[in-house]
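Remarks on the structure that follows.
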Amino acid sequence: MEATPTPADLFSEDYLVDTLDGLTVDDQQAVLASLSFSKFLKHAKVRDWCAQAKIQPSMPALRMAYNYFLFSKVGEFIGSEDVCNFFVDRVFGGVRLLDVASVYAACSQMNAHQRHHICCLVERATSSQSLNPVWDALRDGIISSSKFHWAVKQQNTSKKIFSPWPITNNHFVAGPLAFGLRCEEVVKTLLATLLHPDEANCLDYGFMQSPQNGIFGVSLDFAANVKTDTEGRLQFDPNCKVYEIKCRFKYTFAKMECDPIYAAYQRLYEAPGKLALKDFFYSISKPAVEYVGLGKLPSESDYLVAYDQEWEACPRKKRKLTPLHNLIRECILHNSTTESDVYVLTDPQDTRGQISIKARFKANLFVNVRHSYFYQVLLQSSIVEEYIGLDSGIPRLGSPKYYIATGFFRKRGYQDPVNCTIGGDALDPHVEIPTLLIVTPVYFPRGAKHRLLHQAANFWSRSAKDTFPYIKWDFSYLSANVPHSP
């Protein structure tokens, strides 16, 4: 049995390069993951400070203190010392502080703009998302967009807030996770090249912590009207368009007459429209669309909902919306009058490898507000709007837009050109062929976002109190800094 690598110590004077010397990549990752927020709070130096301190520690000051100690330790190794340098130069008055009490005291005096600057530097240092070496450590103690739905529902499952299971990247190449990761890049190219060719965009995001409270964090898939400043920090235009990307593995088909999905897709390709789209969706046993009659409660089974009876495939009984569902009713009212944009893409076999938009039409489909995708986008909107509000280098007027962009793909065949392009960008020859893109707008009613964020924040507080009972927490600042709806 292989020996477990020795965890690193945030407070030791040992160089991290020496600690990691001779270790495999996986063991290095395990050591870096041990530098988590939970391990920081459980460290003897932090516990001693908690026992002796006459103050009640609070967020986001504690998160900022952790960021300082973490990047003091890993900054040189990952080639990013800007986070630590900003603390020293702009928060600590030019002094490199070493003890918990002094660092926390300085962090508790930081204003929101300073915290925003730190969060932007952390985002820049963690680009490439889960492939980044400190990703596992940073997501500890954070309610991310993938955990937000669970936190709001306050379920007691294995998805922990503190000390979560590490992210694994050894996905089976033919499985849905690997499919989603490789096809996500294709959807980004479709959005940047075909839908937003003249708008500044960013294709690669790091981990965006909330500067207001330190308990929420997201990483975006794609956004238009976003640029970086001279220091490489993200700047979101108030009229930016943010996309959560999904790639539907269960709709992947082969271009063969015996494939029922292909037969339905062929009809959609030849005669684009709502009826052909419905046939395509219902070509599998568990479609991505659910018909829900007016005044009925949708299930949580999939992310698209239709009110119009033309989408009904087989009649099913639905529960009625009751006064207990007022928040759901609010969210439905804000989304049910919207429509999705459907883009049918050209077949590269017919266009010498060029993939472009063959047809575009509207479909009366809206987001299911009970589905986890809705909650993911809601949390993303909250963090993006914090960054916009705290960035002194951009105008304040504008209204960000949020979407779910869903890509549909088919398997490659021997007749497909080896070299396919989307605009001027080459398509990876090992990636499936994109066939369809559906863009669904997502809206949040006034007050609903605030209530849902408060529910998640309250759950975080209870979890922190249970996990770290020796800390005399002050949650008042946290409750006061859950963002309000605009």
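In case you wondered, yes, glycine gets a Cβ from its N, Cα and C as well.
Database features, via Swiss-Prot:
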type: SITE; residues: Glu184; note: site 'Required for function'
type: SITE; residues: Asp221; note: site 'Required for function'
type: SITE; residues: Glu244; note: site 'Required for function'
type: SITE; residues: Lys246; note: site 'Required for function'
Take the C-alpha atoms of Glu184 (site 'Required for function') and Lys246 (site 'Required for function') and report the distance between them in angstrom, rounded.
-> 7
Kindly assign Lys246 (site 'Required for function') to one of the three DSSP-derived states: helix, strand or coil.
-> strand
Distance [Cα-Cα, Å, rounded] between Lys246 (site 'Required for function') and Asp221 (site 'Required for function') | 9
Could you round the CA separation between Glu244 (site 'Required for function') and Asp221 (site 'Required for function') to a whole angstrom and send it over?
-> 6
Neighbour count check, CB within 10 A, over recorded sites Glu184, Asp221, Glu244; minimum at Glu184
Mapped DSSP class for Glu184 (site 'Required for function'), helix or strand or coil = helix
